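Student: Per TrEMBL, the features are:
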type: DOMAIN; residues: 433-665; note: domain 'G-protein coupled receptors family 3 profile'
type: TRANSMEM; residues: 436-458; note: transmembrane segment
type: TRANSMEM; residues: 470-491; note: transmembrane segment
type: TRANSMEM; residues: 503-519; note: transmembrane segment
type: TRANSMEM; residues: 540-559; note: transmembrane segment
type: TRANSMEM; residues: 587-608; note: transmembrane segment
type: TRANSMEM; residues: 620-640; note: transmembrane segment
type: TRANSMEM; residues: 652-677; note: transmembrane segment
Amino acid sequence: MILLILLFFFFTLKYFTFFIKKVKCIVELNALGYNFDGENQIYTKIIEDFNQYSATNNLGVKININLLTNLNSTISIASYESTIENLLNKNKTNYDIYFYDNIYTPIIGKYLLNLKEYIYDDEDYNLDMFDPKIISESCMYKDKIVGLPITLIYTLLYSNVKLLEKYDKRVPKTWDELIETSQYILEKERVLYNNTNLLAYNGLFNDGENAFSSIYEFIYSFRKTADSPFPDLTSEEAVHALEMMKKIKETFSLEDEFKSNDGFSIDKLVDGSALFIRYLIFPDPILHLFPYKLSRMPGNVEGVSGSILSGFNVGIIKYIKDENKDKAITAVKYITSKEVLRKFLMRREVIPGILSLYDEEEVCEEADCELFKSLQPIGKPSNISNNFDEYSKNFRDYIYEYLYEDEDPLVVLKKVQDLTKIYNISLKTGETVVGVVYFIIIIVLSTLMLLSLIFVFMEKYVPFFGFVSPDLWILIVFGLIIILFVSPTFLGEVKPLKCHLEIFLLSIGFTLTFIPIVYKLLINFPEENFISKWICRKKFFFIFIFTLIDVILNGFLLINRFTVKDINITNGQNFQICENKNLFNKFILFLNATIKMIVLVALLLLIFIEWNIQITIYDVRFIVISIYINILTTILYIIFKALKIKNYISYFLIYSSILIIFSVTNYIFIFGFRIIIAFLKRNDSKLDIVKKINDNFINGISMSSKIISTQNKSDSFQNSQISSNTINNSEKATGKLKIISKIITYHYSTENVISFRSPKTDEINTFQTNHIMTIND
């Protein structure tokens, strides 16, 4: 009895284990697809095939597809794609796998997994088996493979084989041959059978979306060789293509036919009343209904052709749950495998992107391998614009200005090119010479500034540059030269790194120009103090602190890079500018600007304090003029940024001019005027200079007396003011009033304490001041 019970439990456990292995948890993946015709679509069949394979091999995966068609949905293809984008953008999607038109790869590519990181090559599957041209033109998003082709759709030439055989003509291989053959057959049909209803060529140059493909493919067929890239839009090949397009239209009076919709072309295919028809390849069951032979499109020369490539891809949403990711990868690998696509190709239900399939004998027994291998596809440039639908419409409209009107072909092609071309100022003279002229001006100005530093070291001119030491003059001039070289960073393509370089050069240029002046005024303070003494001893360390602040702040800006904004000009020339969208970067820029503003305020305060000190009286006045001009240029810069300038040359010139004005005016009023004064006093001999310096030194004691006298006078004046205020306001004198009183006292001082400065410096400054006063007299 016990033995029977044990046997019962043993077989029960064995059966249960077997059941668990066979009936394991099924992972359901949700797929979404769209096809206008719910009957003639491949998604359902492929999904059913996979589900059957999964069940047979116990993969534990099942795909449920939500197929949107014209029968169960009111949305169009375009609205379907925008709906998907909205779902993905909100990260609220119930789908794992997407079947999508490859034209929308640039739109939804950012939401899909990079399959190259998840699909590894093995014996049964290799990404290299797909045609690299198809992958690059229809499956890539920013160098990532975000989809794999399920089926491709090509545009082909439908040739009326009965009429061609009747008049012993071959399928045309060039556009000239198409015109010649059409003229011959149409004339014969008209004369022999009074057949005036025969259409030479449909064109499909209408207002529909497919018209873009017709035009684009036509231009592509005029490249020089089969391996040549798409012709430049303003090239001789592109112009020739448009001329041929118009030649066909006018030769056969086809304006109305060219403008006809797809329905017109399909009717002609059905009734056989057209000689040549350009249209998409139809599924095999429908194709046999037409009395036409398929071939690749003609070209400008034999051996060169073009066929617009479209089709449907499959991709995996990057927000997929981790536990479903491997299952989805398995499904995609099976759906796009060589074996599965071979099976559906032999049924003539798909056109795979695996070229090696067209070399297999069993496949070629069912499919026209020679045709598919001979095609020269070109994908729609769907990534050329953020709004491809708008680009496509403008593209067609401009081309039609020539095709249906009388505009010059080169003019309309230039308009088409300008839809996406980004213009910039460069050293090339193809578009404008502004870049070259501006660069020459900058080189000349900076060279003159640099060479002018020689005067600082010439003994005859040394007295005129006594305001600061030679090393500080070098820093000041170099700072102004750096500001001059801000604009040249925008010669050529605008890049985020150049945007950062602009801010860095402006910051460093400002620091090297004005901090040495702040240093000089601090050590020239009318009253001896600890700060002035410390700064005098730590000259370069003081300047280094401000330079280090610039480096640190600009380093923070690199954490979140600037972006490049496209300025799109309707019927104009697009260009790019730097844009800062990051809040942290905005704070850093504000902090940097605040520091510069504090430096200028401190500089103005020091100038006010030292306004009447004789040894620097003219220096500070010229510096004030410089600051006033800086304020004006800053206001101009703010206005410039606020204006919406729509011309890239004007934008560059205005900005560059502001920087030149800033640099040159500061150079003139801080450094350059000294050279002018020196030349005006060029008759003074070296002995005169030495004599005047010695006289100033001998009179040092007298100068000290003047210091005391001036200070006493100022104190008396201020004391009388304070006394008067005390009488009028009782005892309301505050700390603020004392500070203001002291500042005013400094303001009226004509000499300063020199105990911590070099006597030689003050002698030179005094000599310089006397010379300026002499000139003014």
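Placement of Cβ uses the backbone N, Cα and C atoms for every residue, glycine included.
Unlike curated entries, TrEMBL annotations are predicted automatically.
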Student: Of the stretches 436-458, 587-608, 620-640, 652-677, which racks up the most C-beta pairs under 8 Å with the transmembrane segment (540-559)?
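Tutor: So the stretch in question is 587-608.
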Student: Counting only residues 6+ away from its ends, which parts of the chain sit with a Cβ under 8 Å from the transmembrane segment (620-640)?
Tutor: 517, 521, 600, 603-604, 607, 610-611, 613, 654-655, 658, 661-662, 665-666, 669-670, 673
Student: Go through the chain and flag residues at least 6 beyond the ends of the transmembrane segment (470-491) whose CB is under 8 A from any CB in it; none is fine as an answer.
Tutor: 424-427, 435, 438-439, 442, 445-446, 449-450, 452-453, 456-457, 498, 501-502, 505-506, 508-514, 516-517, 519-520, 539, 543, 652, 655-656, 659-660, 662-663, 666-667, 670-671
Student: Can you tell me which parts of the same chain pack against the transmembrane segment (503-519), counting only residues 6+ beyond its ends and a CB-CB cutoff under 8 A?
Tutor: 468, 472, 475-476, 478-483, 485-486, 489, 535, 539, 542-543, 546-547, 550, 553-554, 557, 589, 592, 596, 599-600, 602-603, 606, 623, 663, 666, 670
